[in-house]
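Trainee: This structure is in structure tokens; I'll ask about it shortly.
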């Protein structure tokens, strides 16, 4: 008798939990689904109903939106984004792994101090360096190029990633490395053949985060990129909204979807790396 | 022996060198220069001219936008940070249950966060909260008359803040990871002692997650103080500057009017405010964080 009522109580609380999860989940996901559906709706329909299924499916919003506003199409902005993001991701992975290896496996003078500095830069707000960095890069002649993004990435400039790699490497057993030393490997060979491959998961999650952050970055390109020819998607999107806003909403929605697509694909392709990355380092978002 | 050790030290230093150079050139040097510029009049056309405290005096006495931006920024932080963290914790606790299909829900709740402060998501927000937008359409279903979410200076900040709240995913994942580590024996023991659910939450769950709470609080506060893209794209700081933030004031002065010295002074004020807030969280945390092992301490 007792167990039966308890069972019933459990069923009810389970039902409530699921109802909440589903309802709240719908709230969370609806805006995202709405952009996608709006891209396929006609302009008149976009604000008329809450329905996610278009009454009449329109596909030319993607074609027209892709043309952009001026002389450059979204194809250009899209390509630019890759030209900017790919090297940044590549160099971030290499440099952060090297530096983390140094911190995790070696002792050297001032190591503790350096580590404390690394951790404090983790909490240093970027904006305090914004202006002098711009002045510096301007003096280097880097403005209106992708150098302000690519070159710092060669110097492990995101403390999050270094910290995350250090944490990951500390969790790896040292025995295999010691075996490699006995086999006559030098430290770089060990990194290349033993430690590096073991860090693959962390390296991938680092790459994913860096890709998504750089892909979505707006303030950086806004400051450093002047010519439309070099615009990234973020700048291209803003330009479209500012100029043609009221007229072709479905085109803007279509380009918004295009801008989000790479992140969505990466997210679903690499979910486990995502969670691992956040959980080991406590990365922001 | 010592010679070998020293060589090994050198090798370690070599690996760390890229970071060290990067730190000196891209972090420390700009940091110092930012301080120097804040006492200068500098338009980048002529060399910087030392003006003493003029920038700070101007900020406090003449710049009408500064107090406005300061209050707005504080509002933004006070709305987003607590809401975001409470949502993150609440959802994490539910997602920590052993339920079928829980991974799907985790994905759904995390998804909005991957876009961060992107232009795409800000444009979406602008469309959702327009006068004729979907949010009002939804309220209309319940017979509630539409609100001018982005056009009314009294509520525009709230509408803009909701974007950050919606993206609680990263904080949630952190809470979730920690919740999973809490040994179930603790709850079992409490259950035997006849503890209520609320008691278990306040006496077991909260202390166990407090280090993560602390981390989330610090990181989210630092981020919220610097928010730029969302409000810039959604409202452009309007209506009547009601969503105009410190970051926009810095941006406008630096890159619109090329008042680099003044902008640097503003960014230092922003930095000091962030510092005060983080210091406060650090200080207070000794009273409410609990560490199993002392090494876990920051």
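Glycine too: its Cβ is placed from the backbone N, Cα and C atoms.
Because TrEMBL annotations are produced automatically, they should be read as predictions rather than curated entries.
Just lifted these from TrEMBL, have a look:
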{"type": "DOMAIN", "residues": "B:70-281", "note": "domain 'ABC transmembrane type-1'"}
{"type": "TRANSMEM", "residues": "B:12-37", "note": "transmembrane segment"}
{"type": "TRANSMEM", "residues": "B:76-95", "note": "transmembrane segment"}
{"type": "TRANSMEM", "residues": "B:107-128", "note": "transmembrane segment"}
{"type": "TRANSMEM", "residues": "B:155-177", "note": "transmembrane segment"}
{"type": "TRANSMEM", "residues": "B:231-251", "note": "transmembrane segment"}
{"type": "TRANSMEM", "residues": "B:263-282", "note": "transmembrane segment"}
Trainee: Which of B:12-37, B:107-128, B:155-177, B:231-251, B:263-282 has the most Cβ pairs closer than 8 Å to the transmembrane segment (B:76-95)?
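Mentor: Result: B:155-177.
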Trainee: Can you find at least 3 Cβ pairs under 8 Å between the transmembrane segment (B:263-282) and the transmembrane segment (B:155-177), where each pair is 6 or more residues apart in sequence?
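Mentor: Checked: the transmembrane segment (B:263-282) vs the transmembrane segment (B:155-177), no contact.
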Trainee: Mind checking which residues of the chain, 6+ beyond the ends of the transmembrane segment (B:12-37), have their Cβ under 8 Å from one of its Cβ atoms?
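Mentor: Contacts of the transmembrane segment (B:12-37) (Cβ under 8 Å, skipping residues fewer than 6 from its ends): 48, 260-261, 264-265, 267-268.
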